[in-house]
């Protein structure tokens, strides 16, 4: 009798012990990843955060005197004579340029990427792989090299100008290089695949029979796009926009090479603080600000998506 | 005041013109062909189809998969353009009009409800695209919801309702703009048997209530027989026979129709005389009977006749005017019992009896019997034997 009564309890005890062992083993297995994340990802971030509250060193580095100067100097510059704060116009220009160029890049990649993704998603399944493969080819080459290739295309004696001159559309070469337009072209080119891929993922799941249903119910092409396709691929549009907008905001290589230093964006501006500017705390606070903006953006995205899921 | 005489005039003319009405078909196809692909892989889905679908009619396109019935429906909807031929909607050539300019709506096999919209928003979609005023839209949507008994579900997402309910919403959505013609592409195929029977009656009710011309595509012969005013039986891109369910079932014009709709016995026969649509035939070399003779059928010589299993009668083996036969098998089907017979001429015949009568007709295998057919049950087929 007693043996029968004990055995189920013993069973649960054994199960609990096995469960504990499993948990321990899983922790041990994930330990390298946890250590790596802590020290390689979070560690440097913490250092940057601390530096943003310190005083710049005389030549470089920081002095361990805590201050909010770095954060205030993002938006304001302190008058050296009367110590009053004024809006730092130069900084605002850089922020504005970064934001507007990033938004424009997002818009351009969407306008180019949507038809591309639509085209791929409507190919026969066996052909789609090939098209996606072609989209990812640029990723195989170093970003710097691709940027120089763009430079080769748009410079005064470059491919584009030569072609336009040959066709007689222009008589003088267009000065595209070292302008905002050049930066825009470069960023749109570099980030286009990041827009195409999530759009394709959304369109691939889209039930194209709904397009026929739309046509059947008196919606023309434009209305079908607006009322049926776009609302249903919205998650892909948002994901693609975030994937393009966020890195555009902090882009460094492309604006530096194609914008020629005159048209600075946040990325170059941060780099400047750690180099010639010798203002590490400002660089650190700018970096943290960028991270904050991206973080807030992602937060709203995730919340919007989970809301959408709850609706379904 | 000036208009008054004019109105009187038209009133006087109208009854006169009604006496000689020019019947305009809701849908008319003129020699429509449709081919897919090209070269070696060219597939002819429709082959010079000419047919008329009348106003307020429940018209069914019936046939096995690949017979072209869905292609014809998609052509009427505007999702495909004919390779050649003309498509007329109330006399207007709409062959090249896009679907959104045709007063024709479709109930899709997959329903194709918009998953990002609620039930009510789905029903309102067509009306919104037509630019109807808001008040009218909400009134029509309420009417439609009531008509398909979905009032309680108006604000649900389409993913939150059952298959049968989705079906009703798809119907309401297609009916809401009050199209001239409603197309239904096998809309009941995804429902279970009980729900399907219910929806068959519901569809028929809606068709009568709304007075809209329904064009219904199905491969289910029972569905076609129970709901349709007229049926077009299609095979290999062509309508083989068009007629009322009774005409199609009782007077199948050819072998395909006779075997696709219900079951048939096919026997060889010889025409001995023919007048109008009646022929005198000698069946199985033994009995002489009158048979229905369709147009375009041979009027003399050897032919094939079709006889429904329920029209077969068994008599004593030595009876006069009967074909001698042997019982080979008896199969019980619940409501019916089928008796398989081998005629002495070598042909086989299946006889069907209601199970309540079967005990008197049931005979052991090997029993010798005489086979007779009820008067008016013999149908000559177009194909020569």
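Numbers here mean position along the shown chain, with the first residue as 1.
Just so it is clear, glycine is given a Cβ too, placed from its N, Cα and C backbone atoms.
Sequence annotations record features per position, and here TrEMBL assigns domain 'ABC transmembrane type-1' to A:95-301.
According to TrEMBL, the feature transmembrane segment maps to A:27-54 (among others). Under 8 Å from some Cβ of the transmembrane segment (A:27-54) lie the Cβ atoms of residues 62-68, 70-71, 280-281, 284-285, 287-288, 291, all in the same chain and six or more residues away from its ends.
Sequence annotations record features per position, and here TrEMBL assigns transmembrane segment to A:94-118 (among others).
The list of residues near the transmembrane segment (A:130-151) in space but at least 6 beyond its ends in sequence, with Cβ under 8 angstroms from a Cβ of it, reads 116, 119-120, 123, 158, 177, 182, 185-186, 189-190, 193, 196-197, 200, 253-254, 257-258. According to TrEMBL, the transmembrane segment annotation covers A:130-151 (among others).
Tertiary proximity for the transmembrane segment (A:182-203) is limited to same-chain residues at least six positions away from its ends with a CB under 8 Å from its CB atoms, namely 101-102, 104-106, 108-110, 112-114, 116-118, 120-121, 132, 135-136, 138-139, 143, 146-147, 150-151, 154, 176, 232-237, 239-241, 243-244, 247-248, 251, 254-255, 257-259, 263, 265. Summarising the annotation, TrEMBL assigns transmembrane segment to A:182-203 (among others).
If you look at the transmembrane segment (A:224-246), the same-chain residues 6 or more away from its ends with a CB under 8 A from one of its CBs are 102-103, 105-106, 109-110, 113-114, 117, 191, 194-203, 206, 210-211, 213-215, 294, 297-298, 301, 304-305, 308. According to TrEMBL, the transmembrane segment annotation covers A:224-246 (among others).
The transmembrane segment annotation in TrEMBL covers A:282-302 (among others).
Panel annotation: around the transmembrane segment (A:282-302), residues 45, 48-49, 51-52, 56, 70-71, 73-74, 238-239, 242, 245-246, 249-250, 266, 269-274 of the same chain, lying at least six beyond its termini, place a Cβ under 8 Å from a Cβ of the stretch. Distant neighbours of the transmembrane segment (A:94-118): 135, 180, 183-184, 187-188, 191-192, 194-197, 199-200, 202-203, 236-237, 240-241, 244-245, 248-249, 251, 255, 263-267, 269; these residues of the same chain sit at least 6 beyond its ends, with a Cβ under 8 Å from one of its Cβ atoms.
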